[in-house]
Structures are given as structure tokens and as C-alpha cells.
């Protein structure tokens, strides 16, 4: 009894193990027979049409998976896409009932007729650009081929508002040899499929639409499909590492006039800022394309600051010259200078005035100079009185000389202090002037770019 049960169990498991393999072999044999039947006498160089005046209708669509790079310097856009191509090949039809219910097969794309659709604006010499993957052939003759492709397409860059710019890059697809009478392109979907798109860290795709067009050549019409990609740069990186440092450098230029006028580091600070701006300008030159048509926004701003800093150096040298003026350097102060810079402007600039601190002293008194008498008087009380008078006259002359000398030194010191105060007033004037120009220049330069950056793109035309 035990042996009988073991035998039945072994027979049952053998049947289960053998049956799927037989069915698999049968399915493979049927698919092999189908392929032999379909491709017997099949010529992949011949268009799949029954009449010469018929055209092959190719449904075309684009799916983007990644925006790899946008090279502004070389004006290239690198993308990874899938090309959706679908057409009818009447020579590849069969009845599924005759082949075990097989409704579709996968065949190498090299063995069937393909529409030679290429990217016209290809920039790396590989116009086909796609991988020769297998195509899906259905029993009704409908062929679907979706090869992945990596393209480097030419794109004219407009860097006017860099780094707040938007670019319009296009990809034009069409048949290389077939005109519109042989191959008719049909746009599957106006919008590019972005369901599996991998975000780019620098660019954002605002819109990606396709439109059908045609070009005329020797009385023949060649259809094509153009996909336009509206790209917006994400400016955070350039704002943090380019624009904000430039704003800081311009602010340092303004602070030069807040330093004391006798500081020799004022010119050194302005010169260091000018060198830093030159380095930033060289960095931008490595990024943007070398074009004389437009000047990028950040380039305009850097040139503005460089002119700004150069003027500040010139003004600083003038202020230092004023600071070191005195009567000893043969720079007497004019009355209008004294009235303007020592009386009027300090009140307008909220500075403590330096007015009426001194008057021009009379270095030579109008009183007659008393000269000592050398006459010797007669001896006695009168002679002693005359000697005392002479001694007093000599002492008076000495005191008068010392007084004149002190007044002169005081006058020179006051003149020096007045010129220093004039230099302070000039510093305060240029501080507010340069601060106003810096703020207004920054606003005027960046406002159009910010308006364009924040503007919502128009909806695509149907």
C-alpha cells in the first residue's frame, strides 16, 4: 500500500513539472514560426505601403527624462529623452488564433523599416542620437518604437538678464530623406511628457510644447515637429556667491568716505575693492558666452561698480589733499569756501559747525613801537628811573613779540583745523552722494530683471 502511494505521488509531480515546459517550448516554437513567416522576403528598406502614392503616417511624441546641462558658454542644451514613434506596417500582420494567441512580439529595430527621424539642431554630429532598442509589433501591423536618446542640441542663449534669465531652446525633429508625400508626421500630444522628469538643480522647465511645421525644398514639403522648452534659471547660487558679494563690495566703497580723512588706508581699501571686482568679472567671463550683441546684467552691474570705485579713488585723493592743506602750503582759504563749508553745509549735513572759531589777528599792532632809549641820564635818582623805564620797554617788546608769535602759531593751527574740517565735510557729502548713487544704480539695473523673473509665462498657444 505504501509503495502504491509513493508511486502515484511521483507520477503526479512529474506531470506537473513536465507540463509547463512543454507549453513553453510550444509557445517558443510558435513565436519562432511567426517570425519566420513575417520576415520571409521582408525588405526593411522599402516603405510599408501598398501603393506608391500612399504615405506612411507616423505618430510622434517626446518624453523628457532629464535636463542634463545647459552650457551657456558653448550654447548647448543636453537632454535625455524618449522618442515615441508609432506607424502601421501592413506586411507585419497575422492572425493570433493561428499562433497560439500571440498578439504582440518584440523584434530588433534593425530588422524592420524605420522612419529616419533625426534631430536637425544636433551639435555633436550624432544626428540619430538614439539607441537601437527593440520595437513592439502587434498583430494588426501597428509598430511602436520608443528608443531612449541623449541629444546635444544647439540653443541660442540670451544672457541679458543673467543670472535672472530665461532661455527658449528648441528641438526640431523630422525625416532626413522622406518628404511629406512619403512620410506624414502626426503630433501625438502638444505637451512634452514630463511624468518621469528628473529635476535639474539649476534650471526649471516652465513649459515644453510641440508644434508641427514644414519646410520647402525643391518644390517638396518636408514636415517636422518643433518642441520649444522655456527654461528659467534658479538664481539662488549666483545670488549668494556673486551678486551679494558685489553688493558688499559696493557698500565697502561707500564706507571709504566714513573713514577719517587722515587715514592712509582709504586708497588701499578702494584699490582692494577694485581688484576684487576684476576677479569677479573674470569669473563671469568664464560662464557667459563671448558675444558683443548683449551685455549681461551682472556684467553691467560690475562695470557700474568698477566706475564707481574708480571715482571714489579719485575723490579720496582729492579729499586727502584738502585735509593736508595749510597756510604753510600756500593754500589760503577763500571767503566763499569758509562760508560754504564751515557755515552752511555742516548744518545741512547735521554736523557740528566750525564757524567763528577765530578772527584774523593783527600780526602788526597799530600802536607805535616803543624803542628803548639809550641815552644815559645824569646820575642820581633821575638816571635810575630812566634805566628802569628802558628795562620795562625791553620787557614790553619781548612780551609783544611772544604774543605775536603765539597768535601766528594759533592762526596757522586754526587754518589747518579748518582745512581738516572742510575735508570732513567733503567726506560726508561724498558719503551720501555715493550711497544714493549706489542704491539707485542697483535698483535701476536689477528691477527689469526681477520683473522678468517674477513674470508668469504666457500659456502655450493651441
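First residue shown is number 1, and so on along the chain.
Cβ atoms are placed via backbone N, Cα and C, with glycine included.
Under the three-state DSSP scheme, residue 169 (disulfide bond) falls in the strand class. All protein chains shown were included, and the count of other CB atoms within 10 Å of the CB of residue 169 (disulfide bond) stands at 24. The disulfide bond feature in Swiss-Prot is assigned to 155-169; the stated evidence is similarity to another entry.
Reduced to three states, the DSSP call for residue 53 (N-linked glycosylation site) is coil. Around the Cβ of residue 53 (N-linked glycosylation site), 7 further Cβ atoms fall within 10 Å across all displayed protein chains. The N-linked glycosylation site annotation in Swiss-Prot covers 53 (among others).
Within 10 Å of the C-beta of residue 168 (N-linked glycosylation site) we count 14 further C-beta atoms, all protein chains included. The N-linked glycosylation site feature in Swiss-Prot is assigned to 168 (among others).
Residues annotated as region 'Disordered' in Swiss-Prot: 362-384.
Residues or ranges marked as signal peptide by Swiss-Prot: 1-30.
Sequence annotations record features per position, and here Swiss-Prot assigns topological domain 'Extracellular' to 31-234.
What Swiss-Prot records for 323-428 is topological domain 'Cytoplasmic'.
The transmembrane segment annotation in Swiss-Prot covers 235-259 (among others). The list of residues near the transmembrane segment (235-259) in space but at least 6 beyond its ends in sequence, with Cβ under 8 angstroms from a Cβ of it, reads 162-164, 202, 265-266, 269-270, 273, 276-277, 280, 283-284, 298, 301-302, 305, 308-309, 312, 315-316, 319, 427-428, 430-431, 434-435, 438, 442, 453.
Per Swiss-Prot, transmembrane segment is recorded for 267-284 (among others). Packing against the transmembrane segment (267-284) from elsewhere in the chain are residues 242, 245-246, 249, 252-253, 256, 259, 296, 298-299, 302-303, 305-306, 309-310, 312-313, 316-317, 320: each is 6 or more residues past its ends and has a CB under 8 Å from a CB in it.
The annotation transmembrane segment is assigned in Swiss-Prot to 301-322 (among others). Sequence-distant contacts of the transmembrane segment (301-322), counting only residues of its own chain at least 6 positions beyond either end whose CB sits under 8 Å from a CB of the stretch, comprise 243, 246, 249-250, 253, 256-257, 261-262, 266-267, 270-271, 273-274, 277-278, 280-281, 284, 295, 419, 422-423, 426-427, 430, 434, 437-438, 441-442, 445-446.
The transmembrane segment feature in Swiss-Prot is assigned to 429-446 (among others). Sequence-remote contacts of a segment are chain residues at least 6 beyond its ends whose Cβ falls under 8 Å from one of its Cβ atoms, and for the transmembrane segment (429-446) they are 164, 247, 250-251, 253-254, 257-258, 297, 300-301, 304, 308, 312, 315, 319, 345, 349.
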Remark   = Quick note, residue 169 (disulfide bond) and residue 53 (N-linked glycosylation site): C-alpha atoms separated, nearest Å, by 36
Remark   = Within 10 A of the CB of residue 155 (disulfide bond), the number of other CB atoms across every chain shown is 23
Ask   = Could you state the CA-to-CA distance between residue 155 (disulfide bond) and residue 168 (N-linked glycosylation site) to the nearest Å?
value = 8
